[in-house]
Amino acid sequence: MNESPEKDQRHRERMERKKAVVDEKIAQARDERGVLLVHSGNGKGKSSSAFGMVARALGHGMKVGVVQFIKGAASTGEEAFFRRFPEEVSYHVMGEGFTWETQDRQRDIAKAEAAWKVAAQLLADPDVGLVVLDELNIALKHGYLELDRVLADIQARPAMQHVVVTGRGAQPGMIEAADTVTEMSLVKHAFKAGIKAQKGVEF
């Protein structure tokens, strides 16, 4: 494609201005500490993004803790993969399936309480660099756990430990406490077209 020299020059000037803005923001970001991230919303990718961070953390030699609060009725590709690294990843599947499958509130509460005991231990361990609390938002949304207690344990974690909380319906208090919040938006999903959940894509 033949571009005019004037167009090339305008592009270069725009990119120079953009680089200056980005460089300035990078220079101003001097605080270094563990961050709390929340992945919520109705779209696909909340847990997938969190497990991508697990892979990234492992690449940096960090130890990781994973607690799954709701999922657990069926095996997943991420569980099968990360269990290959027992020294680096402490992986705990504590749920018994989605809430509409269990249909037993008291049992769900008991499972969530047991899961939080495991999570609290990971959050107190200075050797663990990243903790993934998968579908914790669901447990909080249904009142299986007390938000104040959960936030207290998260905020008392080691200074450089990162935490990722996933699940729909993030509570306002969780959003307020978080450093980074991402709302996954559902634009289109294969399931609505009658396509079954696919291995390697959904699980």
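Our numbering is plain: 1 for the first residue shown, then up by one each step along the chain.
Keep in mind that glycine also has a Cβ here, set from the backbone N, Cα and C atoms.
Per Swiss-Prot, the features are as follows:
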REGION    1-21  region 'Disordered'
BINDING   Gly41, Asn42, Gly43, Lys44, Gly45, Lys46, Ser47  ATP binding site
Outside the region 'Disordered' (1-21), six or more residues from its ends: residues with CB under 8 Å to it: none
Gly45 (ATP binding site): tally of other CB atoms within 10 A of its CB: 15
Where Lys46 (ATP binding site) sits in the secondary structure, as DSSP reduces it to three classes: helix
Residue among binding-site residues Lys44, Lys46 with least C-beta crowding, 10 angstrom cut-off: Lys44
DSSP-derived structure type at Gly41 (ATP binding site), helix or strand or else coil: coil
Gly41, Asn42, Gly43, Lys44, Gly45, Lys46, Ser47 excluded, remaining Cβ within 8 Å of their centroid (ATP): His39, Ser40, Ser48, Arg168, Met184, Leu186
Least surrounded among the binding-site residues, given as Gly41, Gly43, when other CB atoms within 10 Å are counted: Gly43
Those binding-site residues listed as Asn42, Ser47, and which of them has the most Cβ atoms within 10 Å of its own Cβ: Ser47
Residues in the region 'Disordered' (1-21) grouped by DSSP into helix, strand and remaining coil: 17 helix, 0 strand, 4 coil
